[in-house]
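Database features, via TrEMBL:
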type	residues	note
TRANSMEM	42-62	transmembrane segment
TRANSMEM	74-95	transmembrane segment
TRANSMEM	101-122	transmembrane segment
TRANSMEM	142-160	transmembrane segment
TRANSMEM	180-201	transmembrane segment
TRANSMEM	243-263	transmembrane segment
TRANSMEM	269-288	transmembrane segment
TRANSMEM	300-321	transmembrane segment
Amino acid sequence: MVADDAAATTVVHTTQQQLVVPLRTARAQAKPSSRPPHVRSMQYAIAAALALVTFLSAWLVRTDMYGGRSAAHVWWYGWVTALSTGLGALPAAACKGASDWWMGLANALAAGMMCAASCALLREGFDLEPDDRSTITPRQGVFVGLAAGAAFVGLSQKLLEQYGDLHLGVMEGVDARKALLIVAVMAVHSFSEGIAIGVSFRGSSPPQLGMLVTTSLAVHNVPEGFAVSVPLISKGMSTLGSALLSVGTSVPQPLMAVLAFYFVDMFVLIQPIGLGFAAGAMFWVVFVELFPESHEACGLVNTAAMGATSAAIMMFSHEYIM
């Protein structure tokens, strides 16, 4: 009798195992590939294009890579600062596979960094010297841009909500819309940084000012790349994909740097509005998207503590290191 019971038990366990394995196999086959081949191919192609542009940009200034003040040099400096944004995806890769609680904490960290960057933009705008050709003061221009930036992102968000089947890499639906909104806002933010690079190399500015601005922005862009990459990786984007999108958010820097280099007088007038616009756009993303997501995932206290800590560290480094 005991032998029969043992044999029956063995048969039951064996049958269960035989059932479980096919079920797992079926689930694995039913689950779509998180990295479709065409997505990987596109990422590799974009990475190759970035490498080619980097080579050509360096070749144009090969005789005096870090000492000239021509348009080619300004492009090169802006391009280097844009590439540095991609480095932020490397530490963000540690968030891959983390629990919702840890991802909420990472979102709070990124939100604090973006909040500090917004405050730095506002302060920079407030410190600008008044221009006799302008009908408004720099402070007024910053506030106008601040309201316009927040309104622009709010309207953009409403527009994106109409596209329920939106895809961005491996993301779709709500995740794709939120990711695209973050990428767009950080790209807007890069416009003002590009203007700062171009203006610093023109006029009566000392030769060292341009290199100082470029170096500080290159260092500053690494945590900004982290702030962009964390929400992307948390929604399923690969490390390479998030790095490429981070660099993409900073591509306006070399473009605007060259334009500001040639048309410095015009860009000096609109710089306060541009700084306020970028700050308003980032504030919207921080307080409407990132902080609410973090609060839902890891609670109010953890969100506030992490956000305040990262903002304080970012502001301290911007003030005394960058």
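Note: Cβ is positioned from N, Cα and C throughout, glycine not excepted.
Only residues 6 or more beyond the boundaries of the transmembrane segment (269-288), in the same chain, are considered here, and those with a CB under 8 A from a CB of the stretch are 111, 114-115, 117-119, 121-122, 124-125, 128, 131, 133-134, 138-154, 157, 181-182, 185-186, 188-189, 191-192, 195-196, 199. The stretches the transmembrane segment (101-122) and the transmembrane segment (42-62) do not meet in space: the count of Cβ pairs below 8 angstroms, excluding pairs fewer than 6 apart in sequence, stays at fewer than three. Remote same-chain residues near the transmembrane segment (42-62) are listed as 68, 70, 72-73, 75-76, 79, 83, 238, 240-241, 244, 247 (criterion: CB distance under 8 Å, separation of at least six residues from the stretch ends). Here the transmembrane segment (243-263) has long-range neighbours at 43, 46-47, 50, 71, 74-79, 81-90, 179, 183, 186-187, 189-191, 193-199, 201-202, 217, 221, 224-225, 228-229, 232, 237, meaning same-chain residues at least 6 beyond its ends whose C-beta is under 8 angstroms from one of its own.
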